[in-house]
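Residues or ranges marked as active site by Swiss-Prot on the basis of sequence analysis: ARG241, GLU270. Positions annotated as active site, proton donor by Swiss-Prot: HIS288. According to Swiss-Prot, the NADP(+) binding site annotation covers PHE158, GLY159, ARG160, ILE161, SER180, ARG181, THR182, ILE239, ALA240, ARG241, HIS288, ILE289, GLY290.
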Amino acid sequence: MKPKVFITRAIPENGINMLEEEFEVEVWEEEREIPREKLLEKVKDVDALVTMLSERIDQEVFENAPRLRIVANYAVGYDNIDVEEATRRGIYVTNTPDVLTNATADHAFALLLATARHVVKGDKFVRSGEWKRKGIAWHPKWFLGYELYGKTIGIVGFGRIGQAIARRAKGFNMRILYYSRTRKSQAEKELGAEYRPLEEVLKESDFVILAVPLTKETMYMINEERLKLMKPTAILVNIARGKVVDTKALIKALKEGWIAGAGLDVFEEEPYYNEELFSLDNVVLTPHIGSATFEAREAMAELVARNLIAFKRGEIPPTLVNKEVIKIRKPGFNEQ
């Protein structure tokens, strides 16, 4: 009898097809997130669970899933999962690093360019008919923004995504500053990046991109005090997690001109609506789509499947998050 896996959203078919060869697969096909009560019902008889960032996988879920042996998160981040509790119960947790790195780094630069060059504002100007109504073909002071070439970029968080952002910055001949919990000496040599304390990165950079995981240390690390350190011409881009930035302080910074603009792909709560923030024309907003490319999402689905198939075969999953769980339970659905 095949082990049963429940997938909380319709991921790309390539991953589902791989899983169907080895598992009994059930997929939540609706566009909306699975309701909490329905999730608790569905996990009662599953051996494996594929989850999205929008699902909170905590003690309550584990208590309702006596057969659950592995949770495969369809994301690189896993702050939606109580990993400590999973480990205590001998439940393996995996994620999808690397495969979405380029897509997310691309999106960071898309937000940076869109904000620096008023792309969205210009688009609205044309679509609304305002350009036609003005009857002016071109004006030397319209939509003045900032060039990226030769400027200083500050990258907060210098893991895979942070370093991929730095590689793109090299193409713009930018000076690269970074802040990370640990020095990355090899990356410094490869990319010509310079380590600085966080406060110095904020002070010196023309553009700041946030690429840190959400932890106790990074929660609201960009607050009013630190926003005031930035240049009034600076642009902040957040492709990390919404709670890395104090939204109220950011709104104040954008309104009062402490910084020139912001590009945000992540928010404190998702889905998100904030009339005060959304009314500002110096911020570009996208709905958490950093990894939204055909290539990345299919690669994520394949990696999810590879993790589950490896576990089923008694092998350590390729991207195991909680490696200490191996001491508690060997991989495989028959292991106790």
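FYI, residue positions are counted from 1 along the chain as it appears here.
Glycine is no exception: its Cβ is also placed from the backbone N, Cα and C atoms.
Annotated features, which come from Swiss-Prot, shown on the structure.
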{"residue": "PHE158", "record": "NADP(+) binding site", "Cβ within 10 Å": "25"}
{"residue": "ARG160", "record": "NADP(+) binding site", "Cβ within 10 Å": "17"}
{"residue": "SER180", "record": "NADP(+) binding site", "Cβ within 10 Å": "19"}
{"residue": "THR182", "record": "NADP(+) binding site", "Cβ within 10 Å": "8"}
{"residue": "ALA240", "record": "NADP(+) binding site", "Cβ within 10 Å": "27"}
{"residue": "ARG241", "record": "active site", "Cβ within 10 Å": "22"}
{"residue": "GLU270", "record": "active site", "Cβ within 10 Å": "13"}
{"residue": "HIS288", "record": "active site, proton donor", "Cβ within 10 Å": "18"}
{"residue": "GLY290", "record": "NADP(+) binding site", "Cβ within 10 Å": "23"}
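Taking CA atoms as the reference points, GLY290 (NADP(+) binding site) and GLU270 (active site) are 14 Å apart. GLU270 (active site) and HIS288 (active site, proton donor) have their C-alpha atoms 9 Å apart, to the nearest angstrom. Measuring Cα to Cα from ARG241 (active site), the recorded positions that fall within 10 Å are HIS288, out of PHE158, ARG160, SER180, THR182, HIS288. Comparing SER180 (NADP(+) binding site) with the residue listed as 'active site, proton donor', their Cα atoms are 23 Å apart once rounded.
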